[in-house]
Amino acid sequence: MPRGIAHPLAPLLAVAALLTVAWTFAIAPLQGPDEPAHFNYAQHLAETGHKPSVYGGPHPDSSQTANALVQLNLSQLAGVFDARPAWSKLEERHFDETIKTLGRKGAKDGSGPNPLAKNPPLYYAFAAVPYWIGSIGSFWDRLVVMRLASGLLFLLAVTCTWFAAAELFAAVWPRVIATGSFALLPQMTALSGAINADNLLIAVWSAFTWAALRFVCRGPSVTRILALCALAGASLLTHGRGIAILPALVIVLAAGLVRARPGLLRTARQLAPGLALLAAIALVYRFLLTPTGGAYGGEVTLTHGGALTIPGFISDVWQFYLPRLPSMAPSVGAGYGYRQMYIESFFGRFATLEVGYSSLVYNLIQLACGVGLIGLVLAAAGRWSTLRRRWPEVVTVAAIALSMIILLHVASYRALVISADPLITGRYLLPIAGVFGLVVAFVVTSLRPRVSALAGTFVLSGLLVLNLGGLLLTFTRFYG
């Protein structure tokens, strides 16, 4: 590994590690997004060797988790801002006695219904390892070790983002900006301190971004295509939203092969191992791991009793970003749009998404993003010849981002027809946060050197301040 590549990564990883540990302890136990359900899935898999049920079963939570939620007041925290965990010595002693009385049986009886059991099992199989390591100690030790394991996935994602940036930028400074914009994103670091399958999905997509850029920059080979297909398979086995990687994979392979123009026979030989592996994983995913019989719980199709249409979807997406045109019917998701997704919940909605910054802070973030978007347009215009020459890299980055965004809009449109929940939040964009970092680096380094240094410092220091502010808000919420 060249020294010039490795050296600046170390301090970025150190800061990222400190932040993920801080978030691990700032968020009260079982107060991360859907954390009880994620924990129960991992616990049931670790204890019994099989997944909980999506719809059946007598207990959605194991007896251990249920007692933790009730006895220590953890189930009353969400949405009740003056509620606090019960942490007196008497209450803790009573809970410890309950856990001893329940024994191992109390860890095995969370068989469902668990709505997250529709998720494929890869993350939960990973989480079973820290679960058993933490079982050497108390119930809380187990929870902390599992959270810290999510932090390791975050550090892996940070590393992959660094090497993805190294494929695009020869200089060190843009790599620092790209990786720092990823590693210091408050929503990212907060999620890394919780038990959540999105942490593995983020790591897989970050690795895929690196592998995809390496493929289009350096040309096709059996190992590079195999790596891309293996990561795509891992995405399928991690989360329903992981299916969004498939269109990105197709576009990336096409871009790399068009640039390299290998012969037909050579192309077939290079593609065969990777596609065979992906096909095997896809068959397992489709027939064994999707209990509803459809990808992402059946939420990626526009078929719901005729209520979903292509024009309706286009109208819904338009109104998500732009004012409604006179010819359009009002969107069923009116009131929830790009600000809620790209500004508030992408940059920071913490714990059970109830802890956030003030409106003023979100306004400033939105202003900064608006300036950055204008900067992107100007930078693209000013460096158009470079972008045209490096069109495979541009197509790759765009395909990775748009594949996830389009999937989220399809799922949201389908959900809004049958409920009031838009089923779309900025947290779901975190698998493509590496693309966000690459774009920030492109814009900042398009400026003159002195201005670029100031702008990059402003971006990274601003994200760090947001992180520290989010930590303070969250800690005060639960322990103040």
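Just so you know, glycine gets a Cβ as well, placed from its N, Cα and C.
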The annotated transmembrane segment range in TrEMBL, which must be one of 4-24, 193-213: 193-213
Interface present between the transmembrane segment (270-288) and the transmembrane segment (193-213) (three or more C-beta pairs under 8 A): no
Winner by Cβ pairs under 8 Å against the transmembrane segment (394-416), considering only 122-140, 428-447, 454-475: 428-447
Recorded stretch that, among 122-140, 152-173, 360-382, 428-447, 454-475, has the most CB pairs under 8 Å to the transmembrane segment (225-258): 122-140
Stretch with greatest number of CB pairs under 8 Å, the transmembrane segment (360-382) reference, 122-140, 152-173, 428-447, 454-475 candidates: 428-447
Other parts of the chain folded back onto the transmembrane segment (152-173), taken as Cβ under 8 Å at six or more residues beyond its ends: 4-5, 8-9, 12-13, 16-17, 20, 126, 179, 182-183, 188-189, 192, 199-200, 202-203, 206-207, 209-210, 213-214, 217, 393, 434, 437-438, 441-442, 445, 452-453, 456
Surrounding residues of the transmembrane segment (122-140) on its own chain - C-beta under 8 Å, 6+ positions past either end: 29, 38, 41-43, 45-46, 51, 64, 68, 95-96, 99, 146, 148-149, 153, 195, 197, 199-201, 234, 237-239
